[in-house]
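Notes for the one structure printed next.
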Amino acid sequence: MTGTATNAELTERWQGALMNNYGTPRLPLVRGAGTRLWDADGKEYLDFVGGIAVNALGHAHPAIVEAVSTQIASLGHVSNLFVAEPPVALAERLLQLFGRDGRVYFCNSGAEANEAAFKIGRLTGRSHMVATQGGFHGRTMGALALTGQPGKQEPFLPLPGDVTHVPYGDAQALAAAVTEETALVVIEPIQGENGVVVPPAGYLKAARAITAATGSLLVLDEVQTGIGRTGHWFEYQAHEGVLPDVVTLAKGLGGGLPLGATVAFGRAAELLQPGHHGTTFGGNPIACAAGLAVLETIQAEGLLENVKSASEKLRDGIESLGHPLIAHVRGSGLLLGIVLTEPLAPQAQQAAQDAGFLVNAPAPDVVRLMPPLNLGDDEVDAFLRALPGVLDAVTNGDGRAKE
């Protein structure tokens, strides 16, 4: 039975058949096209969540549909016992975008990409690792050990590894924690799941200097910021003089298909050897064909520039509203956080949904926007027109929560 259930019926079926690790999702969706989605009852929404920064080209983009359809009709899955052309081509293209010699390991998600980075760190012969408070790197055990959110870790203690967590953006704390016994330091250029937190200027450059001095690897988790999300192919490229040893990718790379990558350079690129790591589905030709289509379309359609212009229009428009519930906007490109003066983000998320806009509340006082990279002016204008009413719906008109 598909395609005929109502919102209520589909939600009830979810609750009866799927594990409760996500709780009950807030909305059943059945169709998408471009920046728009439709629920099972036929209501239309503008998508400012983008599958949590996954749908770089929106929904049902012709380039991805064609690439996937063509690939599955010729070669679907062969495993890593054999060579297929799409993963080779995608790895080569990624290395071109990095502008450096290196090697790529393909997997299926950001957590898996960070697990591979964890193992690369162990293969240096050192075991100590440094990550940041508030950071999010995934929920598998190694990635969870790196994640700096105790609430997510607590049910699964003890976790693997000797990991020290330091305040995000604090270069002095980082320097104090990193020693010649430190295998790697892992940092998100922007903390997405922690509420779109941007570090101080010079932080990544300082991290590079600190790790270089101790011979530690610098791992940048670009799972959320990579693949054009911030107006650069990779966010670290906006920071002069920063060359990481490892970059982890996922989300936008597959454009909606499960695809992650761990990209390593220099000595880090040579550490994984046969038998050290692997995944049956990693480098799947269909997912890699989609990844190639994403990269080609971003370049062909000038989407890096579109991200910058759409971001500027969104940020300026939101801040110019002068709404008492808006404190400021932070982030980069089309990864933006509307910081509220009151912890009303979950209520604002629901009010936006009621108004036909899908947004996300990663923190009590932050509304996160992660729309497709091809977001148009009309969609930006529609969001800006609706936002005051959305915020008014959860306040008394003075920025304070309704009783």
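Cβ coordinates come from backbone N, Cα and C, glycine included.
ASP221 (pyridoxal 5'-phosphate binding site) falls within a strand segment according to DSSP. Residues or ranges marked as pyridoxal 5'-phosphate binding site by Swiss-Prot on the basis of sequence analysis: GLY110, ALA111, PHE136, ASP221, GLU222, VAL223, GLN224, THR280.
DSSP classifies THR279 (N(2)-acetyl-L-ornithine binding site) as coil under the three-state reduction. Residues or ranges marked as N(2)-acetyl-L-ornithine binding site by Swiss-Prot on the basis of sequence analysis: ARG139, THR279.
Taking a C-beta cut-off of under 8 angstroms and a sequence separation of 6 or more, LYS251 (N6-(pyridoxal phosphate)lysine) has the following same-chain neighbours: GLY51, ILE52, ALA53, VAL54, GLY110, VAL223, GLN224, GLY226, ILE227, ARG229. Swiss-Prot lists LYS251 with the feature N6-(pyridoxal phosphate)lysine, giving sequence analysis as the kind of evidence.
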Fewest Cβ neighbours within 10 Å, where candidates are the binding-site residues GLN224, THR279, THR280: THR280
Spatial neighbours of PHE136 (pyridoxal 5'-phosphate binding site) that are distant in sequence (at least 6 apart) but have CB under 8 A: THR147, GLY148, GLN149, LYS152, GLU188, GLN191, GLY192, GLU193, ASN194
Surrounding CB atoms that lie within 10 Å of the CB of VAL223 (pyridoxal 5'-phosphate binding site), all protein chains: 31
Rounded to the nearest Å - Cα separation of ALA111 (pyridoxal 5'-phosphate binding site) and ARG139 (N(2)-acetyl-L-ornithine binding site): 6
Secondary structure of GLY110 (pyridoxal 5'-phosphate binding site) (DSSP, helix/strand/coil): helix
